[in-house]
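S.K.: Handing you a structure now.
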Amino acid sequence: MSTEREEQVINTCYTTIHTLDKQKDKKQKRVQYMKKDGKFPVMFLKAPGDWSPYFVDIFTTLIEIRWRVMFLIFFLSNIISWLLFGLGYWLIAYVNGDTESLENKPCVENVRGFTGAFLFSVETQATIGYGFRYMNEYCIVAIVVVTVQDLFSCFLDTIIIGIVLAKMASARKRAQTVGFSKFAVVNLRDGVLCLSWRLGDFRGNHILEGVVTAKLVRCMKRPQGFIAWSYQDLQIEEPEIALTTPVTIIHKLEPGSPLYSLDPDELLEENFDLVVSFTYTGDSTGMLHQTRTTYTPADIRWGQRFKDILKVGKKHYRVDYAFFNKTTWVPVPMLSAEALNRKRHPDDGHLPSVNRKGGTGHVTQEITEEPVLQTFL
């Protein structure tokens, strides 16, 4: 019997995806640890009316709100302040008798009613200064109100401009221009089964320093009904990279890897999230950014590799991002890395493996009788 037959090597160039139909049979869809866009599906339940965390850190709250809410706050803050100070000027005119007698020397010229007071408030706060309405120097109360409104106008403009600039320079926006591939693949590299995925900068900037991390996360239900999280780090072949062109991140399925003993069928039956992240410093702003995504077992394509997207031209390296998520089939053993090593080295005895369900979960503090599992860090 041939070696290809013993190792169950299949030329997948002429086959379809071998076990994706199993995912269709599962009716219950689990909640992922993290979504593809890097957001966490976590809802915090607080006491009704407890808004203190948002008011204590009001600056962060204003930065994280949506743009439409920010514009609404901007419009309302200006309109309400115009109305309040306009009401103050109208009260000054009413007390001084400017609204009743045209012969009376007014505190503010040409302010005889609330409409005129409102327009004077807008002109003062917006520094329009048409010259038709102006203040007389003998009315001390009106001078104080104008001074307070000028100071308030400067303070309000500073806050609004600062928040808008902070939102525009948010690290999240830059992180959206650096992305991972939609799928991860498993193939042979130098005779070793490897899990790999792509990372690229869609803006064309050159990120010269960054660190890639990968972590396998599982949700574990304790006998008492509590939920614990299991975290296992994946060893990256070259974690520190320079993202001048798209790169392929590689994790070798070797002894010590939580995926070492999984074959293609067992992989799809697993329940985990592969959380990957790339932390780097932006070359334009100097701010620290992080791009992250997650891969489920259904997102891992066994027996495929990414298509080449880097070409060498006469004067430049050409990168075709149209093939960033494109894969092609390659001959790969339909065995786990552990079984493949045993077949290649039958005389070496039992190779060490890892417990796929291992890893430490951070449990809630109420679980006092449960021992804490060991974390693979």
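Each residue, glycine too, has its Cβ placed from N, Cα and C.
Pulled from TrEMBL, these are the listed features:
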{"type": "DOMAIN", "residues": "34-170", "note": "domain 'Potassium channel inwardly rectifying transmembrane'"}
{"type": "DOMAIN", "residues": "179-344", "note": "domain 'Inward rectifier potassium channel C-terminal'"}
{"type": "REGION", "residues": "343-365", "note": "region 'Disordered'"}
{"type": "TRANSMEM", "residues": "69-92", "note": "transmembrane segment"}
{"type": "TRANSMEM", "residues": "140-166", "note": "transmembrane segment"}
S.K.: From the DSSP assignment alone, can you count helix, strand and coil residues within the domain 'Potassium channel inwardly rectifying transmembrane' (34-170)?
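M.R.: Counts, helix then strand then coil: 83 helix, 2 strand, 52 coil.
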S.K.: Could you pull the average pLDDT for the domain 'Inward rectifier potassium channel C-terminal' (179-344)?
M.R.: 88
